[in-house]
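In what follows, a structure is listed as structure tokens, so that the remarks can point back to it.
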């Protein structure tokens, strides 16, 4: 999909603030600093549309990015950051749960994991949560350019085993630096959002 116009439509903290356009939505989930904003920026070919930060836990709202009035990317607050207060973590969790379990236009979820490390207990819990609610999920292993090519198949296999990936879900190795995995991720997004050939 060639993206021409991108705008941050809404930064929401409650369901009443969600867009009412009815366009399909894809949510991006992952631990703090896993590379969500970098992935989104690469996919939409913008250097700084989604705000990247060296500070974990920076995203504290559901950020809805409108792509050509056809599709929303939803940047979800990162999980697993210990320095965020328990109160803030509980607030984030409730906000994310409400969105994932009640949002009609949501077509699928991109779950990001760091390819340099095994999926964490938080990653495993999140994947199990997504499967419990039968949400279509793509696992994207970020920062794959940091891993030697000879070890990448092993990385993908390790992620599949650790998450106990079901047969309908897949792992795509991705690098925001080199663009590896870009076309494969977009292919999944278009198919999942029902935008193939449109």
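Backbone N, Cα and C atoms are what each Cβ position is placed from, and that goes for glycine too.
The structure displayed is predicted, hence computed values, not measured ones.
Quick look at what Swiss-Prot annotates:
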{"type": "BINDING", "residues": "30-37, 57-61, 75-78, 142-145, 174-176", "note": "GTP binding site"}
{"type": "BINDING", "residues": "37, 59", "note": "Mg(2+) binding site"}
{"type": "DOMAIN", "residues": "22-195", "note": "domain 'EngB-type G'"}
How many Å separate the Cα atoms of residue 77 (GTP binding site) and residue 37 (Mg(2+) binding site)?
11
Should residue 30 (GTP binding site) be counted as helix, strand, or coil on the basis of DSSP?
strand
Per-region confidence, the domain 'EngB-type G' (22-195) (mean pLDDT, whole number):
89
Using DSSP reduced to three states, classify residue 37 (Mg(2+) binding site) as helix, strand or coil.
helix
Which one is it: of the binding-site residues 30, 61, 143, 174, whose Cα lies the shortest distance from the Cα of residue 37 (Mg(2+) binding site)?
30
